[in-house]
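Working notes for the structure below.
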Amino acid sequence: MISNTKIVFTKLLLCCIVSGAWTRSWANHHDTTTSTTQTTPTTSQAPKNFHNDPLIVETKSGLVKGYAKTVMGREVHIFTGIPFAKPPLGPLRFRKPVPIDPWHGVLEATAMPNSCYQERYEYFPGFEGEEMWNPNTNISEDCLYLNIWVPQHLRVRHHQDKPLTERPKVPILVWIYGGGYMSGTATLDLYKADIMASSSDVIVASMQYRVGAFGFLYLNKYFSPGSEEAPGNMGLWDQQLAIRWIKDNARAFGGDPELITLFGESAGGGSVSLHMLSPEMKGLFKRGILQSGTLNAPWSWMTGERAQDIGKVLVDDCNCNSSLLAADPSLVMDCMRGVDAKTISVQQWNSYTGILGFPSAPTVDGVFLPKDPDTMMKEGHFHNTEVLLGSNQDEGTYFLLYDFLDYFEKDGPSFLQREKFLEIVDTIFKDFSKIKREAIVFQYTDWEEITDGYLNQKMIADVVGDYFFVCPTNYFAEVLADSGVEVYYYYFTHRTSTSLWGEWMGVMHGDEMEYVFGHPLNMSLQYHTRERDLAAHIMQSFTRFALTGKPHKPDEKWPLYSRSSPHYYTYTADGTSGPAGPRGPRASACAFWNDFLNKLNELEHMPCDGAVTGPYSSVAGTTLPIVLLTTLATTVAL
């Protein structure tokens, strides 16, 4: 039997992995300039001539003072740990964020903020590839802060006396981290935007948002309409308030409030896609970049009923008695606010349901998400007209490793016996019908090499990557294009030369992140020249998209993605980056997930009025599904 991957683990899950060049080098190159962890923001008296200090910015919340740093020969002004909400402590736990009160004096914005409360990855002690994802600042519920990087080579903050039409149009890229809505922090070294800001004409911002039960506990249906108690989606409301703060104060930092682009990876990408539909986000941003995460992925949201059931389990596991919710829900919430954060953080994992089955996720609450995201997506009410999205070549290996540690090794390939392959399929898709599981096995079996255990390992990794990431991204891109959105699709296929992870894990979930933030351009790190070129290319694509809505130069070719012409762009470091297609990444596999299984679902629900007659009337047992699969395959092909 497959072991129950101790919960210590999967919590890890989340997001991204990264190549070893960056990981190994950064282990010895932490930026001590901002290594201090913020607990409570400190202020000092404002000098009379503060307008003459280029490091002091006057925001609508008060004065903030950052610090200057020279990066690649250019000066960047960095502001870290700016509060945008009151600390969600005591009576504010499990509630929507409350805007920060204005402060007096000058707030010292020079220390990285706390990370929101979460558990650490500790399944491979001492392994840098895992440790780099652990929070690198204090873990606390007091975590609602944001960070801003301003490129000073434009002197954008010195144009405030000019009419708006004469000021430089400086776009703002707002980063939303991933982590399965269970972990993550904007303070990771990987997410530092020093290089992106210094080498591009953009301002970069990032925010912390609550994760896990602190950010998504949903018990609101037990309260009167309009109640603020446990409304769910607190983490999304955190993001919204931070984005609103950035928009309201954009001009103070020299940015254009009408040129805000959200970009995020994994759960961060899922968040961006939800913001594109939520009525609460209309007018707050212009464009979106989604990396390996969309709202239609199986892990990306849950119904209010499901979220409420999970919430009740947590209440009981925290000894607060869910049976009292119907009669006295306020008493239960008072109890939950008295439970220490560590207990909540650990106990919530009791509702983990297996690979990417996280116990917290965006919830259909009737407000931020008035309807289920799939319905909203198909109705096509998107706020934005340009989207850049994409996926990686081997999205599934990371999650497969952690959820099935008894079968796989991070450092090298494993020979996966056929029966174990079948067992993993049954485990991941335990809620699927038998015929659907058989269809998955049929699709991902090389029938001429059925005993090749290494091929079985590759196939099951493809199952995970295709189902949870690549194919939802393809489908979302098609729906966007059908709705009139201009869609640009990238496919990242480069494995970094010194990756710490086994070769079998390939181009993993999150491997593109170091390139997006430009870290290979740091000459103290060990990258090949071609990898530095790739980083510059990707970073320029992202920042150009933020400014113009197009990721390519006028003389470059990057066709739009559509249902009828699903062209995409391949990012690689072997000199062949460029347009690809015309059928989209993993086209055959995604035809299976996005088209074939839907038809199979329709067939399963067709009424049957009795005995089977005709040429297949003698087919019995498990042979019948194969007949149906053959019939459906013919239908899909047509």
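Even glycines carry a Cβ here, placed using N, Cα and C.
Automated prediction, rather than curation, is the source of TrEMBL annotations.
The signal peptide annotation in TrEMBL covers 1-23.
The annotation region 'Disordered' is assigned in TrEMBL to 31-51.
Positions annotated as compositional bias 'Low complexity' by TrEMBL: 33-45.
Positions annotated as domain 'Carboxylesterase type B' by TrEMBL: 55-593.
Among the features that TrEMBL reports, active site, acyl-ester intermediate is placed at Ser266.
Sequence annotations record features per position, and here TrEMBL assigns active site, charge relay system to Glu395 (among others). In the three-state DSSP scheme, Glu395 (active site, charge relay system) is classed as coil. Within the same chain, residues at least 6 positions away in sequence whose Cβ sits under 8 Å from that of Glu395 (active site, charge relay system) are Ser292, Val464, Gly465, Asp466, Phe468, Phe469, Val470, Met508, His509.
Its Cβ placed at the centre, His509 (active site, charge relay system) has 30 other Cβ atoms within 10 Å. Residues annotated as active site, charge relay system in TrEMBL: His509 (among others).
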Neighbour tally for Ser266 (active site, acyl-ester intermediate), based on other Cβ positions within 10 Å of its Cβ:
30
Kindly assign Ser266 (active site, acyl-ester intermediate) to one of the three DSSP-derived states: helix, strand or coil.
coil
Can you check what DSSP calls His509 (active site, charge relay system), collapsed to helix, strand or coil?
coil
